[in-house]
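Only one structure is covered here, and it is reproduced in the block below.
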Number of protein chains: 2
Amino acid sequence: MSVMPSFVPSSDARPDCELCRSPGGRLIAQHGAWRVVRVEDADFPAFYRVIWQAHVAEWTDLDVAQQHECLGVVSAIERTLRAILAPTKINLASFGNVVPHLHWHVVARFDWDSHFPQPVWGTRQREVPEGAATRLACDLLLLDDAVRSALPPIGGGQPGAAAAKNP
Amino acid sequence: MSVMPSFVPSSDARPDCELCRSPGGRLIAQHGAWRVVRVEDADFPAFYRVIWQAHVAEWTDLDVAQQHECLGVVSAIERTLRAILAPTKINLASFGNVVPHLHWHVVARFDWDSHFPQPVWGTRQREVPEGAATRLACDLLLLDDAVRSALPPIGGGQPGAAAAKNP
């Protein structure tokens, strides 16, 4: 597996913002403009976040080129989850009601998961006694590697370079 | 106010898909590739959907040019809601767990609304006795007009041409 990158706060980090101060999940890759983390959630093991590094609240605080860059990262994660896990559905969302720092949720959903077809923020529909992670087609650390390898590179080059360039 | 467009199903409409068969809300504008509707929800009156006209399930079923077109529509709605309503937060989401036909939710959220800071699919936090619509800075039909005018045009020309070209 690849070396895990270390979290480096943005130069404009705000001390009162949780996503400025801390990674917001298990850090998968960090780029100049964004980072990707995996949310460690027992109900939804294949749950990644794309977090914009600079402190902005809303999607349209990004210019169009930044939006395309950010959505390129979201799409790369979605494609990887679809290819490896064959989920029932992918869920994408950007809320920020609690932490108004731009971040996208990318979640692989399965018709057997604890909340399906409700959103992950909705009402629990069932228990998954053996644990959701055990039902995935792939070990989570290998999934992290696949996600990392699929991310757009920094300044050209091969996908995966973003993670490799971080210590 | 502008003339309301009529819903025209896609040529690949599936009879078993709710978003192929019906508008999915109050139709604001219809383009070759997408349409915009307003969801009539008493708790969240400023709630729009961008629905991809062709029956595809996932975001990455669109090619990159289509993704950019679709997100351009989402962004235009977000900018309009921010400019007119000054919401506490904009919420964006694409789930499709119940109706797996690509659509984006664009919702203006307020710190006084029934569910804030929970997502609109979460747990109700409070009642808004006078009704949420009465607290908006703008009448909903005028808001619809502003959203329609802000949408990207079909094949160039001025914003708003998309709606005007539909009967």
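Each residue, glycine too, has its Cβ placed from N, Cα and C.
Heads up, TrEMBL stuff is auto-annotated, nobody curated it.
Fair warning: this is a prediction, and the values are worked out from it, not measured in the lab.
In this model, the domain 'HIT' (B:50-116) carries an average pLDDT of 98. The domain 'HIT' annotation in TrEMBL covers B:50-116.
Break the motif 'Histidine triad motif' (B:101-105) down by DSSP state and the numbers are 0 helix, 3 strand, 2 coil. The motif 'Histidine triad motif' annotation in TrEMBL covers B:101-105.
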Summarise the domain 'HIT' (B:50-116) by DSSP state, stating how many residues are helix, strand and coil.
25 helix, 16 strand, 26 coil
